[in-house]
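Below is one structure, written out as structure tokens; comments come after it.
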Amino acid sequence: MVGLAEPLGAVSPKATAESQDDARFTVEARFYEKQAEKRIQCKLCPRACVVGDRERGYCGVRENRGGTYYTLVYSRACAAHIDPIEKKPFFHYLPGTMAFSVATAGCNVNCKFCQNWDISQSRPEQVPANYAPPARVAELARQSACPTIAYTYSEPVVFVEYLMDTADAGHAAGIRSIVVSNGYIQEEPLRRAYGKMDAVKIDLKSFSESYYRQVVSGQLKPVLETLVALRRMEKWLEVVYLVVPTLNDSEQEFRDLARWVKGNLGVDVPLHFSQFHADYLLKNLPITPVATLERAKQIADAEGLHYVYIGNVPGHPAENTYCPKCRKMLVQRAGLQMTQMLIRKGACPFCNHAIPGVWHV
Ligand code: SF4
């Protein structure tokens, strides 16, 4: 679980339950439509919640007050950390740098394996938070020498207004923005909010609708549409697939996934197969065997993807980046640390093959 962070200690004293009910955290939502009898329809994620007066949407962080919809988590940072960018994971975006990472409470799905369930499945009043307005986050990132602000840990879709304004504040201070998301978002907020991001990592949790329904409480199709849209927007994109034993680990699913990625996103999008560790509502399942992850990689490699990684297995050779042309190792990693970087001017120094990514600040 992410800690409540020292980086925000300087922002303000930790909010008390009383002070958390503060107007500072409550601003009008940006993506919704007013309806009859003070109802609203949220236009932020595919759930499209219709919310009556004094009620909240599914994510629990947006509330209808008299026919106007509000986010309750603007500047309400319940977690912040300075993390290696490899932890997100981004492997082809500013490797070896640190990301100033923030989150609020709330999520628009309910993954049974969530590692951060205590903030993602909580209402804002249930978790301690700090007042961290966008300009302050940008300033802290700059003071900490982080070239990026990362929106992560819970689900950034549900704190989209805070993300948008923090990205603007960050850019004004020369700090880039990156997001770690489930991609469960409607098209307009995707364009307007993730359009402000410099890099995006999407957790594609399975390649089957039934898994999305039963394990995630969401849908696959809108996530695939998000991935295609991000590709068109020319955002730097990486995809993570958490391999959960017995639930989404069939060879057929790995093959279908790899073919879809190749056909819709291209062979150069990094695909990370991550190891599952029992958590939250799936404590009955074992850790993903390394052999299963290796089989997934083998299948995706055979389908022609160029950058297929194995994640959460520190020291595994598939944490490294290899040139798809001459096969030489170009970036060496050990766990979350980059230990060697040989890419020069965006290319392999041995055969000059271009390696896609953003390699230097
Ligand atoms: S963002 Fe929240 S309120 Fe809006 S549609 Fe999604 S779950 Fe419902």
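Start at 1 and count along the chain as shown; that gives each residue its number.
Glycine is treated like the rest: Cβ placed from N, Cα and C.
Note: TrEMBL annotation is automatic and uncurated.
Per TrEMBL, the features are:
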type	residues	note
BINDING	Cys107, Cys111, Cys114	[4Fe-4S] cluster binding site
DOMAIN	92-306	domain 'Radical SAM core'
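DSSP classifies Cys107 ([4Fe-4S] cluster binding site) as coil under the three-state reduction. Around the Cβ of Cys111 ([4Fe-4S] cluster binding site), the same chain contributes Lys205, Val215, Val216, Ser217, Tyr280, each under 8 angstroms and 6 or more positions distant in sequence. The DSSP secondary structure for Cys114 ([4Fe-4S] cluster binding site) is coil. Confidence in the domain 'Radical SAM core' (92-306), given as mean pLDDT, stands at 97. Ranked by Cβ neighbours within 10 A across all protein chains shown, the binding-site residues Cys107, Cys114 are led by Cys107.
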